[in-house]
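The following features are taken from Swiss-Prot:
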ACT_SITE  Cys176  active site, thioimidate intermediate
BINDING   205-228  NADP(+) binding site
Amino acid sequence: MFNDIPVFDYEDIQLIPNKCIITSRSQADTSVTLGKYQFKLPVIPANMQTIIDETIAEQLAKEGYFYIMHRFDEDSRKPFIKRMHEQGLIASISVGVKAYEYEFVTSLKEDTPEFITIDIAHGHANSVIDMIKHIKTELPETFVIAGNVGTPEAVRELENAGADATKVGIGPGKVCITKVKTGFGTGGWQLAALRWCAKAARKSIIADGGIRTHGDIAKSIRFGASMVMIGSLFAGHIESPGKTVEVDGETFKEYYGSASEYQKGEHKNVEGKKILLPTKGHLSDTLTEMQQDLQSSISYAGGKDLDSLRHVDYVIVKNSIWNGDSI
């Protein structure tokens, strides 16, 4: 019975420290392997139009970070793959499940991307399973990420269809309102859903949504994630593609969900919203701070690398980390 499993979210968990075995936090290794490739951090900026564009994708790839390019400028995807490969960089793109995407995937045989993410809101669907099989038939060497899902059954079905990784999270993101509009989702219990799904997984799990602090990255890894997709923490940078807005002398960046009317261009099946975030410096500074905080997490875990985070004990204390404070 589902109701027998513990239900909690990021703010309800504290990880319990172990004896530190490194002399400096800088010795902690935050690298992660996904498919045939190693990356500096187990984080992925969300593949959303206000988070990533081709310039940021190139920057991330050159600096050794993983990225997933969004699918909302469909005609630019093949030229993007070509441009990345000409620079000796990996190409990581997104596709949907509409009929014309099948022809697009087949057309990639001559210049095959290393990663393809099947990106739809409700990933436990026959349409996603069919697309996984099509990609694996046409492009067998491509690493396929599929999502989004929220149950062990979904993880097993997508893995059995050929997915190399599944993306877990239905509506926990800051600009996602799926749980309000539909009554469904993992909002409010995303970390427990991750734990539930990871126990069923044989391949990589990507936690997607609900990350509000850098410590949540360590918690995601503790509960089974190989990688963590993050939206709001990667939004609002000077180079972010979101529109810059000035309000009372302060600058803000637009940040909106992939299922918002601003993304769709129409008010139909809307499950996202738009917010303004204060502009917060450069993306590279955030990545550096994330790495330093994750190195500190590893030191508290008593290890030398990310694997040490998977074995720490934890306590569930409802809303304990804030204790009335804010950051």
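Keep in mind that glycine also has a Cβ here, set from the backbone N, Cα and C atoms.
Shown here: features listed in Swiss-Prot, placed on the structure.
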| residue | record | DSSP (3 states) |
| --- | --- | --- |
| Cys176 | active site, thioimidate intermediate | strand |
| Ile205 | NADP(+) binding site | strand |
| Ile211 | NADP(+) binding site | coil |
| Ile217 | NADP(+) binding site | helix |
| Phe223 | NADP(+) binding site | coil |
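Taking a C-beta cut-off of under 8 Å and a sequence gap of six or more, Ile217 (NADP(+) binding site) has these contacts in its own chain: Pro42, Val43, Ile211, Val228, Ile230, Met290, Asp293, Leu294, Ser297. Separation of the C-alpha atoms of Ile205 (NADP(+) binding site) and Cys176 (active site, thioimidate intermediate): 20 Å, rounded to the nearest whole number.
On a Cα basis, Cys176 (active site, thioimidate intermediate) lies 23 Å away from Ser226 (NADP(+) binding site). Comparing local CB density within 10 A for the binding-site residues Ser220, Ser226, the maximum falls on Ser220. Residue pair Phe223 (NADP(+) binding site) / the residue listed as 'active site, thioimidate intermediate' shows a Cα separation of 23 Å.
When other Cβ atoms within 10 Å of the Cβ of Asp208 (NADP(+) binding site) are tallied across all protein chains shown, the result is 30. When the Cα of Cys176 (active site, thioimidate intermediate) is compared against those of the binding-site residues Asp208, His214, Ser220, the shortest separation belongs to Asp208. Non-local contacts of His214 (NADP(+) binding site) by the CB criterion (under 8 A, 6+ apart in sequence, same chain) comprise Leu233, Glu289, Met290, Asp293, Leu294.
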